[in-house]
Amino acid sequence: ASKTCPSNTPLSCHNTTVVQDTCCFIPSGQLLQTQFWDTDPSTGPSDSWTIHGLWPDNCDGSFPQTCDASRAYTNITDILTAMGADDTLQYMQTYWKDYQGNDESFWEHEWGKHGTCITTLDPGCYDDYVPTEEAADFFSKTVSLFKTLPTYQWLADAGITPDGSKSYALDDIQSALSQQHGAEVTLGCDGKTLNEVWYHFNVKGSLQDGQFVAAEPDGAKSTCPDDVYYDPKK
């Protein structure tokens, strides 16, 4: 299990001095839960966005990547099964999809590039460490966070549903999602078509057990034009 963290740990990106205990504090503490809306080819259910990943940015918007090649695991399905994370795996098989159909290599990429850069997942941050358990924690946390961010439902509640024949004001989409999230979000487009959203968080404590707090984006809020298309999945 991961080590217990003190309750007075500062919120990431809000510390005034360097925090030495990186098992209970993430220096790259702007965490982004990123989601796809894939329509061509489509992935996942027609009434849900899908998981892209969980990314640690530095507080200035830059980001580390591929931080430990020795832990770039290549058997995520086996790891999750061995660690008893069957529910997480089953959920990922529906909601964490690769548009080219190779989910396993997509998961390996997300773990190796981003997961290995989250300091609280370092093997030294565990009591009685079992090899690969930190990867299971990464995927389980990403899934549980994604479940709290139902983009499709939040947009539908604001009257914004996929429609191939009309466009929506980007401001209306931003407003609907930021009101629910508690901070602005980052919206991504392919041309004029909405296809990605990033929810930003800071964390008090570890990734495994800490508190995620909505945070303002650490960069541009959008790559989209003022009016966008939100296409139905094919």
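Note that Cβ sites are derived from N, Cα and C of the backbone, with glycine treated the same way.
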Candidate in Cys23, Cys24, Cys59 joined to Cys13 through a disulfide, as Swiss-Prot lists it: Cys59
Neighbour tally for Cys59 (disulfide bond), based on other Cβ positions within 10 Å of its Cβ: 16
Cys23, His52, Cys67 filtered to the recorded positions whose C-alpha is within 10 Å of His114 (active site): Cys67
Separation of alpha carbons, Asn75 (N-linked glycosylation site) and Cys5 (disulfide bond) (Å): 30
Other CB atoms within 10 A, centred on Cys23 (disulfide bond): 20
Cβ packing number for Glu110 (active site), 10 Å threshold: 21
Of Cys24, Cys189 (the disulfide-bonded residues), the residue whose Cβ has the fewest other Cβ atoms within 10 Å: Cys189
